[in-house]
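Feature annotation from TrEMBL assigns Mn(2+) binding site to CYS148, HIS150, GLU184, HIS208, HIS405. Annotated domain 'Peptidase M20 dimerisation' per TrEMBL: 232-315, in sequence order.
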Amino acid sequence: MNTLSDLISARLAQLKSWRREFHHYAESGWLEFRTATRVADELHKLGYQLQLGREVIDADARMGLPSETVLKQQEARALQQGALPQWISHFSGGFCGIVATLETGRPGPVIGFRVDMDALDLNESQAEDHLPQREGFASCNPGMMHACGHDGHTTIGLGLASVLMAMKDQLSGTIKIIFQPAEEGVRGARAMVAAGVVDDVDLFTAIHLGTGVPAGELVCGSDSFLATTKLDVNFTGVGAHAGGRPEEGRNALLAAAQATLALHGLTQHSGGVARVNVGVLQAGTGRNVVPDCALLKVETRGVTNQVNDDIYQQALRVIAGAAAMYGVEHQVTLMGAARSCTPTQPWVDFIHQQAEALGVFDSVVDRKAQAAGSEDATYMMERVKQRGGQASYAIFGCDLAAGHHNAKFDFDEQVMPVAIAMLATLALNQAQFGGDQ
Ligand SMILES: [Zn+2]
């Protein structure tokens, strides 16, 4: 019988090839058409039961969806780049989610893993000292780049699927691997939760690589993500001749500017860390016209859901107040959201204990110190916990060529087999989990 490490070693070339293919055909959030068809096809060939597209994504719970035109253009682009036509209809219109299930037929809990598939809206570096460029697998899609390692996550998900199928006689319970679109901008997970994809999951683990964790280290239960809400605000005023009839105008630019200054004064909360940022302010049409339109792109964050919700509610009041001051209309659109991250300690302890026993890490820790950004797998964690399940967020440390979201981001591919070994170990040994380690 092959050991886990033999099975992984036999797949190293495949892992590298998958990762470099996903990296080359980088696709931004909700546009993962090529990637999703390739993932579905590989999982199907492995023998997994698949749920695809609308079965795993609630249309109305999607946030920050690109326009109809962009969705159509990018689907056509994906087909030209080798997206598999036999799978594309499932994902058409921005439904690029996949859940692969393996029912072992033996009693046991449902163990779930979540990986994400989207790239960032970023141009990849074409410098010769950037390894993906030098080795010919840098992104071929302008303005889209895997600069956060989700190409690695997708590959880890497929590698895990492949290894677990090869060991299926040693597994019990049910294995579920969730491939999520649109994590960037925290837009996709809520729609998968709304479709019920984690409603039967007892033991849940989401993953990330890198994030400043040193190579060789495993963080078993990261809790450093902030709850967040992303909103677009459109102010609509009335244009008028700025010299001749200014009193007839309603100034949307001033409302947006007033709102911006007030929003940045909102970060006091006794509950802990709170943040507000207005990252974009666009307004007006011409020098001699009272501006009749303005757009703000705003985010709030908080160390707990409560802190974020309080700051968000205050932000809505500030925005409405600024609009009233200048007599303009305003509309708020929710573009993304994530919850705060609180893993369940028994599952963190189990991951910790299994990682020590596996012996492939230099260092195994429960959590990392510094606060990070936000992550929408927290919606899945929250849902699993509401049902009494266990949930955690694991981070696999690795060497990075540059920071996340940087045009020269790249990660050491050796992290992929290590992550697969760890996640496969959790699936193989889940029967040992008693909840009281
Ligand atoms: Zn990421």
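Using the three backbone atoms N, Cα and C, a Cβ is placed for every residue, glycine included.
Neighbour counts of Cβ atoms within 10 Å were taken for the binding-site residues HIS150, HIS208, HIS405; the minimum is at HIS405. Counting residue by residue with DSSP, the domain 'Peptidase M20 dimerisation' (232-315) contains 26 helix, 29 strand, 29 coil. Within 8 Å of the centroid defined by the CB atoms of CYS148, HIS150, GLU184, HIS208, HIS405, the record's Mn(2+) site, lie the Cβ atoms of ASP116, ASP118, LEU120, HIS146, ALA147, GLY149, GLU183, HIS404, excluding the listed residues themselves. A 10 Å cutoff on Cβ-Cβ distances gives GLU184 (Mn(2+) binding site) a total of 22 other Cβ atoms nearby, all chains included.
In this structure, HIS405 (Mn(2+) binding site) belongs to neither helix nor strand by DSSP; it is coil. Sequence-distant contacts of CYS148 (Mn(2+) binding site), defined as residues of its own chain at least six apart whose C-beta falls under 8 angstroms from its C-beta, comprise ALA119, LEU120, GLU184, HIS404, HIS405, PHE409. In the vicinity of ligand 1, defined as a Cβ distance under 6 Å, the following of the binding-site residues CYS148, GLU184, HIS405 are placed: CYS148.
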